[in-house]
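Undergrad: Among the features that Swiss-Prot reports, [4Fe-4S] cluster binding site is placed at Cys560, Cys569, with the record citing sequence analysis. As annotated by Swiss-Prot, chlorophyll a B1 binding site applies to His655. Feature annotation from Swiss-Prot assigns chlorophyll a B3 binding site to Met663, Tyr671. Annotation comment: Swiss-Prot describes Trp672 as phylloquinone binding site, evidence class sequence analysis. Here Swiss-Prot flags 47-70, 136-159, 176-200, 274-292, 331-354, 370-396, 418-440, 518-536, 576-597, 644-666, 708-728 as transmembrane segment, drawing on sequence analysis.
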Amino acid sequence: MATKLFPKFSQGLAQDPTTRRIWFGLAVAHDFESHDGMTEENLYQKIFASHFGQLAIIFLWTSGNLFHVAWQGNFEQWGADPIHVRPIAHAIWDPHFGQPAVEAFTRGGASGPVNISTSGLYQWWYTIGMRTNQDLYVGSVFLALVSAIFLFAGWLHLQPSFQPSLSWFKDAESRLNHHLSGLFGVSSLAWTGHLVHVAIPESRGKHVGWDNFLTQLPHPQGLTPFWTGNWAAYAQNPDSASHIFGTSDGAGEAILTFLGGFHPQTQSLWLTDMAHHHLAIAVLFIVAGHMYRTNFGIGHRMSAILDAHVAPSGRLGAGHKGLFETVNNSLHFQLGLALASVGTICSLVAQHMYSLPPYAFLANDFTTQAALYTHHQYIAGFIMCGAFAHGAIFWIRDYDPEQNKGNVLSRMLDHKEAIISHLSWVSLFLGFHTLGLYVHNDVMLAFGTPEKQILIEPVFAQWIQAAHGKAFYGFDLLLSSSSSSASSASQTLWLPGWLDAINNNQNSLFLTIGPGDFLVHHAIALGLHTTTLILVKGALDARGSKLMPDKKDFGYSFPCDGPGRGGTCDISAYDAFYLAVFWMLNTIGWVTFYWHWKHLTLWQGNVSQFDESSTYLMGWLRDYLWLNSSQLINGYNPFGMNSLSVWAWMFLAGHLVYATGFMFLISWRGYWQELIETLVWAHEKTPLANLVYWKDKPVALSIVQARLVGLAHFSVGYVFTYAAFVIASTSGKFG
């Protein structure tokens, strides 16, 4: 008999008489493949419709950002003096605030308590040509409408007559063409248009709005140079080095340039360089979007490209044969590829936002730079771990050995021992040597003989920096040598700006590196290789191992295979993912510690502190963590409070959540079952409480679920603790 209980998508679970019904129901709510009566076509349709919901949420969120800044922020005041005014994210209304708290949080020229924005939104909006609260309100309303349209589109595509067919979802060539040309190409072209028609004129003090955008020419010669082939005209007369952003002082006329380096006043990339970059990207991607064969029988078939990829030496077996069908029929494979790409891009965003700041005055807002770097690195870590999780699910659910005989996929499985053992060897080598150097240096400092430290100059990295034009090290080669052909070739184009930027100590482009950087670089390499080892081993052993050849029959996550098969605990692909996330967090901890400490000393003008203290572990613990958390911990104390108090509280709360994680990670199923049964007994024996009964028999979480709960608390607590530390220690010093 069908039951109406949760979960509706699984009658088997809905009829479970224990609390397992709830926990397992939550666990598989998004595992659409496993739901009752799910067909492949319906699966694709459900996921497709959910994408519209996702986009609606994103647009609503961005609309909210615009709305709150327009309503409660100080965008216009900030635009008048971006260096000295602190940008306001939104007002705070908190009935717990006493007078000291009200005063502490009233800043940025506001009349009451506010939060300061550390997202970089003010800098972005200002750079792209927004100047008034009115601009922000209009953008907010527009995005709210877009959000509503996407919600409607999601609903519409669930209606039978508007549900695309399975063949439409599997038409890879059409999808690639549209995504390359439309998503990347045309959107980049549109962005170039916005930069050229709105942002660049605004940066030169000319307002372009809905009232005059059709009459205000972005370039005095209009389209004439385009039609006559005199494209160089668009690069002539760029903004001068004395240009004051947002005014006509020192402004030029060029719209597409290749100046290199930064705008001296805003310390951000030249807007005209960025317009040129987006135009080039647009052309490339629009061309790329015409590569695959669809309607007119011209262009390439993807399956033909892949089938032709067979190494002539024969050493790679069947090469890419069979990959098209495998990838096109596996959502997990596609998701794995997408997550790996997006994760990598997200990490690249973190690196480039500070080294090549694209937004005006972003380089002057240290707290925002620290927040953006940390945010993008953590997000990248989680996303990239997800890539391997779905890769493992692909091996278990979607991989067909017959279809992939002898190709690169089957060869990965065939020599997985070599792959895993090499990763293991690299991790061991990096771990022992790096830790050995750090510990040796610690001991030397403890014994009062710092001169006996082992300090290794990163000569190869310095050589690479010199090749790119950094003169500090005295390597006379390539771009750091004025006589090299590399230097002379681009001297008139982008080099003057680039060389000026790379040799300027006020920015973060190619920071000077030494022995401390060498050590932490290898510590990070250790973390990356160990994380990769655990994830790759989990995926490559997901179908089976010598110990458990039939592992794939047990699915992605299983606790233990019962009595008589000892040693099958902890070896599911999920267990590998679970372990890898700890290593990922560990690694990103080292990455962000390094970035943050290096920059704190750079911004404070005492780089020697990092250089001298980063070569031994006590230096990191004492001069980075301890020294920089003291202000934060004193956000409130017996003598009062200041504006860091919220971060002090979050720092404590983060530690609490993090510590809760260990409770689930260390004590497993039996402990919880006994505890629950004791609580149930107490409940039943207590007057009043015994009037309340529940139908489900309480059953403790399985070890797989307890690990998820533990991991979630560990991760959330870890991120909250460090986020509070980064923002408080940076804003406490620089405001």
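Easy rule for this one: first residue shown is 1, then count along the chain.
Glycine residues also receive a Cβ, built from the backbone N, Cα and C atoms like all the rest.
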Undergrad: As a test: from 47-70, 418-440, 644-666, 708-728, pick the stretch that has the greatest number of Cβ pairs under 8 Å with the transmembrane segment (136-159).
TA: 47-70
Undergrad: Out of Cys560, Cys569, Met663, give me whichever of these binding-site residues has the highest number of other Cβ atoms within 10 Å.
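TA: Per the Cβ count within 10 Å, the most buried is Cys560.
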Undergrad: When the number of other CB atoms within 10 A of each residue's CB is tallied over all shown chains, which of the binding-site residues His655, Tyr671, Trp672 has the maximum?
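TA: The residue with the densest Cβ neighbourhood is Trp672.
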Undergrad: From the Cα of Met663 (chlorophyll a B3 binding site) across to the Cα of Cys560 ([4Fe-4S] cluster binding site), what is the distance in angstrom?
TA: 21
Undergrad: If I take the alpha carbons of Met663 (chlorophyll a B3 binding site) and the residue listed as 'phylloquinone binding site', what is the distance between them in whole Å?
TA: 10
Undergrad: Considering only the recorded stretches 176-200, 370-396, 418-440, 576-597, 708-728, state which has the highest number of Cβ pairs under 8 Å to the transmembrane segment (644-666).
TA: 708-728
Undergrad: Name the secondary structure element type, per DSSP in three states, that contains Tyr671 (chlorophyll a B3 binding site).
TA: helix
Undergrad: Between the transmembrane segment (370-396) and the transmembrane segment (576-597), are there at least three Cβ pairs closer than 8 Å, leaving out pairs fewer than 6 positions apart?
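TA: Stretch pair touches.
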Undergrad: In terms of Cβ proximity under 8 Å, which residues at least six beyond the ends of the transmembrane segment (47-70) contact it?
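TA: Contacts with the transmembrane segment (47-70): 32, 88-90, 117, 119, 121-122, 133-134, 136-137, 139-144, 146-148, 150-151, 153-155, 157-158, 164, 169, 331.
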Undergrad: What Cα-Cα separation, expressed in whole Å, is found between Cys569 ([4Fe-4S] cluster binding site) and the residue listed as 'phylloquinone binding site'?
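TA: That comes out at 18 Å between the alpha carbons.
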Undergrad: Which secondary structure state does DSSP assign to Cys560 ([4Fe-4S] cluster binding site), in the simple three-class scheme?
TA: coil
Undergrad: Please report the distance from the Cα of Tyr671 (chlorophyll a B3 binding site) to the Cα of His655 (chlorophyll a B1 binding site), rounded to the nearest angstrom.
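TA: Answer for this pair: 24 Å between alpha carbons.
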Undergrad: Please report, as numbers and ranges, the same-chain residues at least 6 past the borders of the transmembrane segment (576-597) whose CB is under 8 Å from any CB of it.
TA: 354, 370, 373-374, 377-378, 381-382, 384-385, 388-389, 392, 517, 520, 523-524, 527-528, 530-531, 534-535, 537-539, 541, 610, 614, 620, 623-625, 628, 707-708, 711, 714-715, 718, 722, 726, 729-730
Undergrad: Which residues of the chain, 6 or more past the ends of the transmembrane segment (274-292), have a CB below 8 A from one of its CBs?
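TA: Same-chain residues near the transmembrane segment (274-292) but 6 or more away: 172-174, 176-182, 184-186, 188-189, 191-192, 195-196, 199-200, 235, 255-258, 299-302, 358.
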